[in-house]
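Trainee: Mind looking over this structure? Questions follow.
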Amino acid sequence: MANTRNIAFIGAGNMPQSIIGGMVRGGYPASAIYASNPSRPKLDTLAQKHGIHTSQDNLEVVKQADVIVLSVKPQLMADVCAHLREHVSDLADKLVITIAAGIRIEKYHQYLGDNVRIVRVMPNTPSLVGEGVSGLAADPQVTQDDKDFVTEVFDYVGKTIWVKDEDGIDVLGAVAGSGPAYFFEFMAGLQQVAEELGFSSEDARAMVQQTALGAAQMASQSDLSLVELRKQVTSKGGSTAKGIEAYQAAGLDDISARAVKAAVARNQEMAKLF
Ligand SMILES: NC(=O)C1=CN([C@@H]2O[C@H](COP(=O)(O)OP(=O)(O)OC[C@H]3O[C@@H](n4cnc5c(N)ncnc54)[C@H](OP(=O)(O)O)[C@@H]3O)[C@@H](O)[C@H]2O)C=CC1
Ligand SMILES: O=C(O)[C@@H]1CCC=N1
């Protein structure tokens, strides 16, 4: 890493747990990572698992930080930012990263001040195992050095994609931010039917997760399109063709399109609400 900066996560929920776990696993020094949260248990988990600094006081970790990662739910963001603005005199000297869905950079300027450097990141929970995807968008005031730093941090936990504007963050969030939930939902359905057809829960889960892992690895190692990879499994007149027919009859592509568009719409709605 070119330059390690002290980085403080405000909020220690599911997403920061994944990012911090991935960062430490990838070699970012735990001694440069801070997290704050109102209740103790999630902080204790982070301190015990990864040896980072923790506090129940947001201001205490911000004081130590060169970089702040706003990691609270969108509906709490205005209050959390107002508290920081009131008590932190050198906010403009710090880089502010926000991982919240929906809320636009312009809104953070209203909350924190015009001259604060803001980067929006839309990560996802597979960051925990180094297989995340993070979409990034920056305010024009953000320096190239800041951008390089943010890219390096999120490269620790997976792939990074700079999007051309914040609409891209909403779309990437709806596909990749929410995406693990879609895959888990789909996998849970496959596990359930395997159990109904006679497998133990353990074996059903093992066959589903290993198949998902294998398919994802094949996709990432192949130059073939996803449709082509699907065709390779689908022997003419065979059993897969019957399974695929059932999915197509139910309009699987249309279901995916509706799911993503509903999530994009909610991101846009949250931009107005919070
Ligand atoms: N989960 C995901 O897959 C993704 C989430 N995001 C974004 O990440 C953000 C966090 O989501 P996620 O981690 O899932 O949420 P969680 O609900 O898991 O965590 C939110 C955390 O914020 C804490 N908190 C509440 N009030 C404050 C406060 N005033 N100051 C500091 N911390 C506070 C809560 O503490 P307590 O429990 O003690 O109340 C809780 O631990 C959201 O904005 C979301 O849009 C982005 C991409 C993916
Ligand atoms: O559900 C949410 O709003 C957040 C953003 C993407 C994943 N979780």
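Including glycine, each Cβ sits where the backbone N, Cα and C put it.
Unlike curated entries, TrEMBL annotations are predicted automatically.
According to TrEMBL:
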DOMAIN    7-102  domain 'Pyrroline-5-carboxylate reductase catalytic N-terminal'
BINDING   Ile10, Gly11, Ala12, Gly13, Asn14, Met15  NADP(+) binding site
BINDING   Asn58  NADPH binding site
DOMAIN    166-270  domain 'Pyrroline-5-carboxylate reductase dimerisation'
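Looking at the shown structure, can you explain where the listed features end up?
Mentor: Under the DSSP three-state reduction, Gly11 (NADP(+) binding site) is assigned to coil, being neither helix nor strand. Within 10 Å of the C-beta atom of Gly11 (NADP(+) binding site) sit 23 other C-beta atoms, taking all shown protein chains into account.
According to DSSP, Asn58 (NADPH binding site) is assigned to a helical segment.
Per-residue confidence over the domain 'Pyrroline-5-carboxylate reductase dimerisation' (166-270) averages out at a pLDDT of 98.
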Trainee: Measuring Cα to Cα, how many Å separate Asn58 (NADPH binding site) from Gly11 (NADP(+) binding site)?
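Mentor: The Cα atom of Asn58 (NADPH binding site) is 8 Å away from the Cα atom of Gly11 (NADP(+) binding site).
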Trainee: Within 8 Å of the centroid of the Cβ atoms of Ile10, Gly11, Ala12, Gly13, Asn14, Met15, which other residues of that chain place their own Cβ, given that this set defines the recorded NADP(+) site?
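Mentor: In sequence order, the nearby non-listed residues are Phe9, Pro16, Gln17, Ala35, Asn37, Lys42, Ser71, Val72.
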Trainee: On the DSSP side of things, how many residues of the domain 'Pyrroline-5-carboxylate reductase dimerisation' (166-270) fall into helix, strand and coil, could you say?
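Mentor: Here the numbers are 89 helix, 0 strand, 16 coil.
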Trainee: Tell me, how many other CB atoms lie within 10 A of the CB of Met15 (NADP(+) binding site), whichever protein chain they belong to?
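Mentor: Its Cβ shell of radius 10 Å holds 23 other Cβ atoms.
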Trainee: What's the most sparsely packed of the binding-site residues Asn14, Asn58, counting other C-beta atoms within 10 A?
Mentor: Asn14
